[in-house]
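Visitor: Quick one: the structure is below, questions incoming.
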């Protein structure tokens, strides 16, 4: 008996049998040990062989365990085990059987055949489990498929389809695939190509997320339901698992062997299998080493002959990048283009999937939620495709509701945490003896009783509501199972079972569900089990930062009072504030053009009058933070080549991978305020880029991605015509001044650029009263900084007027005021604080004496 003539799996099993005997203190390795090792082998061939022969493997395993328990145990042998005479005889018999079959290597299944020829304990166990010599010989022939064992890895290559593919038709029969709604044209076209004589290989091409894999699942479901032409009736759809095919292929040629085994088995099936290769481009170059042949080239002969019915799926970009380069592979496939479904089709798809998601999350998905998911994802999520992005919204919204149902309600959690906090305080105060502590303890105990009572009441309500929801979940699961059983009975033609389910079980469950739902309909105070359009809007708002959720009363009031909020920081400039506020209100009320930015403005006026300040104020109003302001200083874009920094460098240039300054900022924050400061200083070519943004609300970056600007406010500032504003201030009306300024502007900017801007706003120069108002705002900011150091600041009206008077300059606006404040107030204050003249805790009074500021405490 030569071990080197055994297959790798058989050699491994003998090593495992030795370990088993050693662990149980047996002196000899018996046939029982080897049989147990073969049964326990990972991805071994004996377990599936016996199962295929109809032998009860679990019964055989328990019989083997009983026999192994009876074997004598020998201690103190020092780990010395050897093959028993019975096992040597069986292995020699295996060698004889292999020679008889003209095999070069002895495979594991011959051991079972050899064992059945004997009459020892192993033969008895096999016979009790239902194995006979004739049955095993038949099964071995089926498994081998007429092939000889010419390779030590021959056992690994058997049952290749079972190991390296997933049976989609089997999954469809079990009801594990999601229903496929619509897509009839694409499925029909796929079937049409599959029925060709040669090159009967469709490849589904479309953007990621449009449902290419779903079309193949739909085909599998139609085959199972018999809704296909005679040519492909009763065929199986197998999905190739590329991961399993490549995983563990350590040595050169192992991957090719596995793929060849798959192709050989497919050839034996004689056209009864349709192979589905998802991500088809992975086949090109897969397994390619130095001079090795890749998977794509191995498939070509089978594809061209028509031996292999193959359906591929890949994206447009990857098809161009990998498949089109290999013309010989491309011509063997027939393209089937899969377009993105419309919003109406997406709604139909979501309605079909609704029950599956309800069953998974144990929540109810309302129809308004489905409509909202399709319409909102189409409008606000621009970088992905329907129906995938709409399904994601439904899934995540249902998940959030489910999470709230499973976890403690926030209000109850808050009360319980407060109770713990109060108990800790109570323990600390109980150790104190003074009067104040005792009074505090009494108040605290009263509050604790109140909090515990509320928490107990809420906890009871929560438990009741949770129990009510659990009832409907069980009924829904039973109803889904009954419907699956009905489908199985219909396919099997079992009319008795069909009538029992259709007219008995299903109507009864539907009635129970209706009653349970009515009980649930009563107003729930803590739990929600319905996904509505509000939840969809919340999920979308969190993901994109775009406020699409329903406006609360407070937000409506805030929007109506928007001018007041903006005027807190922007003094004067009523026309500019009104224009911006109206644009934001139009957008939030849903009246703005969905294909353009929320608003685009050109702010014109002299320096220091509040053009940039209004943008900062708007960003703070919308996002509670000035960091949401995307500020681009256009003076940096004075050269022609600098334009590429906005949208990203073109291919072949340094920095191509990094993306553009403007496009990347908007991709990350689709809802933002974009400030293009000092726009007249930029190169004229910059405005060519802005034309597309202002008109269609989109821009293509250097990598060909479309960036959505439809949820941005675009503000450009310029100093053009500031001399006219200065001269005309006081004696020209606003409309006269605006027309004079626009006359200057038209000479600098092209008409097609100006024509696309929503509104050009002219800012007035600031008068003395405005400057005084701004001075009070800046002193409030200084007061806040001093408060951090425990100083309070009080300033008289005369001192404020003096600072405003010093800082007033009609040409330079409010900027000289800042310098005046630094020189007249901040510098002397800093010196006094450092000298220790002013003490913390006491108010600092600033007054005006003889035209100078005086600081005293």
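Cβ atoms here come from the backbone N, Cα and C positions, even for glycine.
Dumping what Swiss-Prot says about this protein:
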type	residues	note
BINDING	206, 207, 208, 209, 210, 211, 212, 213	ATP 1 binding site
BINDING	605, 606, 607, 608, 609, 610, 611, 612	ATP 2 binding site
COILED	391-525	coiled coil
DOMAIN	3-146	domain 'Clp R'
REGION	6-71	region 'Repeat 1'
REGION	83-146	region 'Repeat 2'
REGION	159-340	region 'NBD1'
REGION	341-545	region 'Linker'
REGION	555-765	region 'NBD2'
REGION	766-857	region 'C-terminal'
Visitor: Taking only the binding-site residues 208, 210, 211, 213, which one has a CA atom nearest to the CA atom of residue 612 (ATP 2 binding site)?
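Guide: Closest by Cα distance to residue 612 (ATP 2 binding site) among the binding-site residues 208, 210, 211, 213: 208.
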Visitor: Using the alpha carbons only, what distance in Å do you get between residue 211 (ATP 1 binding site) and residue 606 (ATP 2 binding site) once rounded?
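Guide: If we compare the Cα positions of residue 211 (ATP 1 binding site) and residue 606 (ATP 2 binding site), the gap is 56 Å.
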Visitor: Which stretch, 83-146, 159-340, 341-545, tops the Cβ pairs under 8 Å count with the region 'NBD2' (555-765)?
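Guide: Looking only at 83-146, 159-340, 341-545, the most contacts with the region 'NBD2' (555-765) come from 341-545.
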Visitor: Find the average pLDDT over the region 'Repeat 1' (6-71) in the predicted model and report it.
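Guide: PLDDT averaged over the stretch: 82.
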Visitor: List the residues in the vicinity of the ATP 2 site, defined as same-chain residues other than 605, 606, 607, 608, 609, 610, 611, 612 with C-beta within 8 angstroms of the site's C-beta centre.
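Guide: The answer, listed by sequence position, is 603, 613, 717, 719, 763, 813, 814.
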Visitor: If you skip the near sequence neighbours and keep only those at least six away, which residues in the chain come within under 8 angstroms of residue 611 (ATP 2 binding site), Cβ to Cβ?
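Guide: Residues satisfying the criterion: 576, 603, 605, 717, 763.
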Visitor: What is the number of residues in the domain 'Clp R' (3-146) that are helix, strand and coil, as DSSP sees it?
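Guide: Residue counts for the domain 'Clp R' (3-146) by secondary structure: 95 helix, 6 strand, 43 coil.
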Visitor: Can you tell me how many other Cβ atoms are located within 10 Å of the Cβ belonging to residue 609 (ATP 2 binding site)?
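Guide: Neighbour count, Cβ to Cβ under the 10 Å cut-off: 26.
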Visitor: Please give me the CB contact count at 10 A for residue 612 (ATP 2 binding site), counting all chains in the structure.
Guide: 18
Visitor: How big is the gap, in Å, between the Cα of residue 607 (ATP 2 binding site) and that of residue 207 (ATP 1 binding site), rounded to a whole number?
Guide: 49
Visitor: Determine, to the nearest whole angstrom, how far the Cα atom of residue 210 (ATP 1 binding site) is from the Cα atom of residue 606 (ATP 2 binding site).
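Guide: Distance (Cα to Cα, whole Å): 52 Å.
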Visitor: Pick from 208, 605: which of these binding-site residues has the biggest number of other Cβ atoms within 10 Å of its Cβ?
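Guide: Highest number of other Cβ atoms within 10 Å: 605.
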Visitor: Given the binding-site residues 606, 608, 609, 610, which one's Cα is the least distant from that of residue 207 (ATP 1 binding site)?
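Guide: Minimum Cα distance from residue 207 (ATP 1 binding site) across 606, 608, 609, 610 lands on 610.
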Visitor: How big is the Cα-to-Cα gap, in Å, between residue 608 (ATP 2 binding site) and residue 212 (ATP 1 binding site)?
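Guide: Residue 608 (ATP 2 binding site) and residue 212 (ATP 1 binding site) have their Cα atoms 57 Å apart.
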Visitor: In whole Å, note down how far the CA of residue 208 (ATP 1 binding site) lies from the CA of residue 606 (ATP 2 binding site).
Guide: 50
Visitor: Do you know offhand how many angstrom separate residue 609 (ATP 2 binding site) and residue 208 (ATP 1 binding site) by C-alpha?
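Guide: So the alpha carbons of residue 609 (ATP 2 binding site) and residue 208 (ATP 1 binding site) sit roughly 49 Å from each other.
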Visitor: Using a 10 Å radius around each Cβ and counting other Cβ atoms from all shown chains, which of the binding-site residues 206, 211, 606 yields the largest count?
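Guide: The residue with the densest Cβ neighbourhood is 211.
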Visitor: Mind checking how the region 'C-terminal' (766-857) divides into helix, strand and coil residues in DSSP?
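Guide: Looking at the region 'C-terminal' (766-857) with DSSP, the answer is 52 helix, 18 strand, 22 coil.
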